[in-house]
Amino acid sequence: MSDIVLQPTTTALIGDCFVPGDKSISHRAVFFGSLAKGKTDITNFLTGDDCLTTIKAFESMGVQITQDGEHVQIESRGYKHLNEPTVPIDLGNSGTTARLLLGVLSGLPFHTTVFGDESLTKRPMDRVAIPLREMGARIDGREEGKYLPLAVRGQTLSAITFKPQVKSAQVKSGVLLAGLLANGTTTVIESIKTRDHTENMLRAFGAKVVVNGLAIEVEGKQTLTGTTIQVPRDISSAAFFIVAALIVKGSKVTLKDVGLNPTRTGILAAIQLMGAHLDIKETTNIGGEIIGDVMVSYQPLKGAIIEGAIIPSMIDEIPILALLATQAEGQTIIKDAEELRFKETDRIDSVVATLRQFGCQIEPTADGMIIEGGQTLNGATADSHGDHRIGMMIAIASLIATGETTLTDKDAINVSYPSFFEHLETLKR
Ligand SMILES: O=C(O)C1=C[C@@H](OP(=O)(O)O)[C@@H](O)[C@H](O)C1
Ligand SMILES: C=C(OP(=O)(O)O)C(=O)O
């Protein structure tokens, strides 16, 4: 287990920051590039452990993938030519790989087993297995296929109309991917819009997708054609430095070329709700994804109630928002975020326990947390618990804590941001 001792920062955070490529989009680029016919060229790919897991999964089905740092080239003959893997597929820590891949494997004519690490093995897979079975999939595992390891015997699938009970882009995407391989037209009707990178990327690969409000329709058996994908920088990674700049006195940071897809920018809206002035400049749109710069400087904030439709668009940013809330004036209440309980850790319990280690006053609720503002953080020994977002939250907290902080199991951060500490150092001046 890797530890790191962190000192409070003695300088402000200043300068431009180029965070790595978006995790959700990097995963999807490999999924669609592998299912498409022809060559796909991906630049600014996230080399985090989770996205490498997705590459390995498709390599084990015979897809030719060359990865040279952030440049990935895929050459595939299309989904009809994928091979049965001869060994079980290791999904590591990646919920996104798991939920999306179950959709694909359900419709391919072979048998696969998939397994994950200790954390992923505790995360629910029935949310996607149940609709996939309705389409004809054969998926089995512990507790009737609720948990990994799972065995999938691919079938000829039939389209369904599906209304997910959970607000989850992974579930939506798993069903849409199965729909692409199925007979007929599959419709997913969401209750709240979740990130729509799957829809955007289907179009980039030449597929027809009809989006009508909260309903998404995809016709089965469409051919995807290899393409070029430039991955925007990850707003979820940028969020750690946005918050760092807001809480370290004198800071001024610009997050360059980050993805500003409105289904992902809830964190910016939440921070604005807390009274922040952010300078957001949209610069371009590539493959349906808005890209731009976010300029942020140290400033006082007020507590706020964060709830409702904004939550899915900032679900991975809630741990770092909770840290921000400890520095605002007054109380912050986060509601409607029960999905946090199904992440790499139960992020309601892990955020609360970790911030309490720093001496904060914070209470868990069934679907969120109540955070007192105006708090002084005391350096602590805190564990990431194998959760990258908790690890990065601890590292940012250490910047303003009194005394030393020891982050244990820092390597969890490699899941989404292998160059995190390097980037943090370059901003200290
Ligand atoms: O579709 C995706 O790429 C993701 C969707 C979200 O999960 P849920 O769909 O489970 O909410 C998010 O937490 C995860 O980091 C990435
Ligand atoms: C929840 C996350 O990822 P996943 O579900 O893909 O493991 C995350 O990145 O915060």
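Each residue, glycine too, has its Cβ placed from N, Cα and C.
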Figure out which of Asp3, Asp140, Asp316, Asp367 sits with Lys23, Ser24, Arg28, Ser168, Gln170, Lys343 in the 3-phosphoshikimate site per TrEMBL. Asp316
Expressed in Å to no decimal places, the gap between the Cα atoms of Arg123 (phosphoenolpyruvate binding site) and Asp316 (3-phosphoshikimate binding site) is 16
Measure from each Cβ of the binding-site residues Ser24, Arg28, Arg123, Ser168, Arg347 to the atoms of ligand 2 and list the residues where some distance is under 6 Å. none
Do any of the binding-site residues Arg123, Ser168, Arg347, Arg389 touch ligand 1, in the sense that the CB is under 6 Å from one of its atoms? Ser168
Near Arg389 (phosphoenolpyruvate binding site), which binding-site residues out of Ser24, Ser168, Asp316 have their CA within 10 Å? Asp316
Nearest recorded site to Arg28 (3-phosphoshikimate binding site) by CA-CA distance, among binding-site residues Gly95, Gln170, Arg347: Gln170
Please identify, among the binding-site residues Lys23, Gly95, Gln170, the one with the smallest Cα-Cα distance to Lys343 (3-phosphoshikimate binding site). Gly95
Maximal Cα-Cα distance (Å) across residues annotated as binding phosphoenolpyruvate, namely Lys23, Gly95, Arg123, Gln170, Arg347, Arg389: 19
